[in-house]
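Sharing a structure, written as structure tokens. Questions coming.
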């Protein structure tokens, strides 16, 4: 039973992090390149790679 719960948690985490991974993998030169990738999330261009920050509920 524990195994199934762990599996469900891992699946949920994987599904929620896909857009973030996509954003991290996107190559960029400027912040504007990251805007369309990160959309609602704040993004920054670091070492030529987009990094998206997930907005907290606050």
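Each residue, glycine too, has its Cβ placed from N, Cα and C.
Keep in mind it's a predicted model, so treat the numbers as computed, not measured.
Pulled these features from Swiss-Prot for this protein:
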SIGNAL    1-23  signal peptide
DISULFID  28-45  disulfide bond
DISULFID  34-50  disulfide bond
DISULFID  38-52  disulfide bond
SITE      55  site 'Binds trypsin'
MOD_RES   56  serine amide
Do you know offhand how many angstrom separate residue 45 (disulfide bond) and residue 52 (disulfide bond) by C-alpha?
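Just about 9 Å between their Cα atoms.
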Per DSSP, to which secondary structure element type does residue 34 (disulfide bond) belong, with helix, strand and coil as the options?
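Looking at the DSSP assignment, residue 34 (disulfide bond) belongs to a helix.
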Tell me, which disulfide-bonded residues from 34, 50, 52 are within 10 Å of residue 28 (disulfide bond) if we use the C-alpha atoms?
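So far as Cα distances go, the disulfide-bonded residues lying within 10 Å of residue 28 (disulfide bond) are 34, 50.
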Can you see whether DSSP assigns residue 45 (disulfide bond) to helix, strand or coil?
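Residue 45 (disulfide bond) sits in a strand per DSSP.
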Using a 10 angstroms cut-off on Cβ to Cβ distances, just flag whichever of 28, 34 is the loneliest among these disulfide-bonded residues.
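The disulfide-bonded residues 28, 34 were compared, and 28 has the fewest Cβ atoms within 10 Å.
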